[in-house]
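Features of the protein shown, as given by TrEMBL:
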ACT_SITE  133  active site, proton donor/acceptor
ACT_SITE  137  active site, proton donor
BINDING   10, 11, 12, 13, 14, 15, 36, 76, 77, 78, 103, 104, 105, 106  NAD(+) binding site
BINDING   37  NADP(+) binding site
BINDING   134, 143, 144  (S)-2,3,4,5-tetrahydrodipicolinate binding site
DOMAIN    5-106  domain 'Dihydrodipicolinate reductase N-terminal'
DOMAIN    109-244  domain 'Dihydrodipicolinate reductase C-terminal'
Ligand SMILES: NC(=O)C1=CN([C@@H]2O[C@H](COP(=O)(O)OP(=O)(O)OC[C@H]3O[C@@H](n4cnc5c(N)ncnc54)[C@H](O)[C@@H]3O)[C@@H](O)[C@H]2O)C=CC1
Ligand SMILES: O=C(O)C1=N[C@H](C(=O)O)C[C@H](O)C1
């Protein structure tokens with residue numbers, strides 16, 4: 001069997017170290033490179049696929065480097081703005097056979113939570129998102145929470161729902177949190193947490209809470225490997241691993 005050659009970028013980080021182990025342990029994959037910020041990415045050790053788990057400020061350059069060399073990308077790094085996504089899209093137009101997966105969350109439960117939330121959204125007047133992470137995380141709100149809020153907002157708009165009700169007229173300290181496409185999003189940072197998300201729905205006389213917990217980064221590894229195995233068959237830009245899976 002010919003093994004797919006995979007390079008990990010951000011290989012010395014919390015996620016990168018586990019991803020290096022997961023790729024190295026997969027019988028159908030070969031670790032071609034384990035690269036971090038002081039390394040010259042070069043030809044990525046001849047990799048066909050790069051797993052990018054660097055920091056938000058570095059990932060756009062990492063992705064551009066890979067696309068330029070025809071290397072498919074499975075990107076876990078967060079912090080993707082519309083402008084950064086548009087730049088990836090534009091570069092991919094010059095490299096139409098290259099696949100780039102940007103996956104805000106690789107955990108199967110997080111993907112299921114997103115789909116359950118999409119389904120619930122039309123039925124509730126109120127919804128808010130609370131994410132909790134370890135205090136070493138550099139970006140807030142989490143990429144997962146941003147994507148969840150966007151999906152919720154789109155589902156509400158499609159169902160003809162208006163803004164979430166909120167009578168607040170005075171909030172000088174920002175206690176009501178951020179708004180992503182109109183959806184309130186709250187970020188908690190606590191030592192001991194890994195990655196957690198709650199989607200709180202409210203309607204007259206009832207509530208529905210959808211919650212996902214990643215207690216260990218091993219929860220992300222099967223999703224990374226699934227992305228690596230599928231990315232070459234999905235040229236162009238894809239946001240969300242759920243697009244590859246039958247969820
Ligand atoms: N999609 C998902 O399921 C998950 C995504 N993440 C995201 O992955 C990213 C990394 O998270 P952690 O591993 O916790 O962070 P980390 O800070 O532990 O690791 C980041 C690594 O990237 C390296 N790095 C910095 N600049 C670089 C450059 N120019 N080139 C190559 N490497 C560079 C750092 O030296 C470090 O080793 C974050 O954006 C985080 O939100 C984290 C967990 C799950
Ligand atoms: O930084 C993290 O840890 C995580 N980052 C991703 C995010 O921002 O959504 C995924 C997961 O929540 C863990």
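Glycine is no exception: its Cβ is also placed from the backbone N, Cα and C atoms.
Here the features listed in TrEMBL are painted onto the structure.
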residue	record	Cβ contacts under 8 Å, 6 or more apart
12	NAD(+) binding site	34, 36
14	NAD(+) binding site	136, 217
77	NAD(+) binding site	10, 52, 53, 54, 55, 56, 58, 59, 62
103	NAD(+) binding site	74, 75, 76, 223, 227, 239, 240, 241
105	NAD(+) binding site	111, 114, 143, 144, 147, 195, 220, 223, 241
133	active site, proton donor/acceptor	142, 187, 188, 189, 190, 193, 194, 195, 196
134	(S)-2,3,4,5-tetrahydrodipicolinate binding site	189, 190, 191, 192, 193, 194, 195
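Separation of the C-alpha atoms of the residue listed as 'active site, proton donor' and the residue listed as 'NADP(+) binding site': 17 Å, rounded to the nearest whole number. Cβ neighbour counts within 10 Å, taken over all protein chains shown, single out 137 as the most crowded of the recorded positions 37, 137.
Taking 14, 103, 137, 143, 144 as the candidate recorded positions, the subset whose CB lies under 6 angstroms from any atom of ligand 2 consists of 137, 143, 144. Summary: among the binding-site residues (36, 144), the fewest other C-beta atoms within 10 A of the C-beta are counted at 36. Taking the mean position of the Cβ atoms of 134, 143, 144 as the (S)-2,3,4,5-tetrahydrodipicolinate site, the remaining same-chain residues with a Cβ inside 8 Å of that point are 78, 104, 105, 131, 133, 137, 139, 142, 145, 195. By a simple count of nearby Cβ atoms, those within 10 Å, the most crowded of the binding-site residues 10, 143 is 10. By the rule that a residue counts when its Cβ sits under 6 Å from some atom of ligand 1, the binding-site residues 14, 134, 144 yield 14.
In the three-state DSSP reading, residue 14 (NAD(+) binding site) counts as helix.
A coil conformation is recorded for residue 36 (NAD(+) binding site) in the three-state DSSP classification, outside any helix or strand. For the NAD(+) site, whose annotated binding residues are 10, 11, 12, 13, 14, 15, 36, 76, 77, 78, 103, 104, 105, 106, the maximal Cα to Cα separation is 21 Å. With DSSP classes pooled into helix, strand and coil, the tally for the domain 'Dihydrodipicolinate reductase C-terminal' (109-244) is 51 helix, 40 strand, 45 coil. Here the domain 'Dihydrodipicolinate reductase N-terminal' (5-106) returns a mean pLDDT of 98 for the predicted model.
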